[in-house]
């Protein structure tokens, strides 16, 4: 009887433990996200900010583009060869800057990925260091380097490499150099974020199966960084479409971008209608490219680089 009582007590204890475990598991719901009225109120300042400083000016610009003096502003834009040439220049510049930034940013991000945490921090600091200075100051610094009597031409002339100064400014080359330098961080960090998601053991595992280093990199590592590459390229391309300071200082009036034409129409020609129409066209083209980008990668991946 004593043994039977011990068995009963043991069974009851086990049943109690199992019930407690089940109850504890059921009583531990998934972590809830912050919500409620208090958290929702924090969104309103941002919504008011966007409504006042973005939506209202946008609607005012859109209205002026079709009323000052009328919808003919868009017909002028699409039929005038000056605007057509500027549109081509804008997209060509954005494409060159995007490709240049990608060719520089990918090896740099890979170096950050393979470096120690301390060295990766130093490389990160070098990328973001230009943000501590004004864009205007950085662009003027490039004029010191690129002008005919600048550092680069003077050094090449002194070394006997060239006989006459190279045209490094007032053309697409100068604009591409300045814009690539300014937009490089927006390409580096999405790519680096994608690389950090990759296990360091993948490439060695592929090599242990007989793949060469280059083949393993091309077939294993490179495809996994595609979200970061696409995200960074899309961000840089879209930002390049509306760039103004660098093209205005390093470029030429004969190859003006759309942003320069907008400023010219508003400030010098006082043609607010055509200037507004150019702005709306540029915004529409930007949204089209953003939409196409979201067809390839998720919008979240565009913002976070695929993290």
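Each residue, glycine too, has its Cβ placed from N, Cα and C.
So that you can see what the record holds, here are the features copied from TrEMBL:
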TRANSMEM  41-63  transmembrane segment
TRANSMEM  83-106  transmembrane segment
DOMAIN    87-293  domain 'ABC transmembrane type-1'
TRANSMEM  118-137  transmembrane segment
TRANSMEM  172-194  transmembrane segment
TRANSMEM  215-245  transmembrane segment
TRANSMEM  272-292  transmembrane segment
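Residues of the same chain lying 6 or more positions beyond the ends of the transmembrane segment (41-63) and with a Cβ under 8 Å from any Cβ of it are 276, 279-280, 283. Residues 108, 111-112, 181-182, 184-185, 188-189, 245-246, 249 of the same chain, all 6+ positions outside the transmembrane segment (118-137), place their C-beta atoms under 8 angstroms from a C-beta of that stretch.
Long-range contacts of the transmembrane segment (215-245) within its own chain (CB-CB distance under 8 A, at least 6 residues past either end) are made by residues 90-91, 93-95, 97-98, 101-102, 105-106, 109, 135-136, 139, 179, 182-183, 186-195, 197-198, 202-203, 206-207, 257-260, 263, 282, 285-286, 289-290, 293, 296-297, 301-306.
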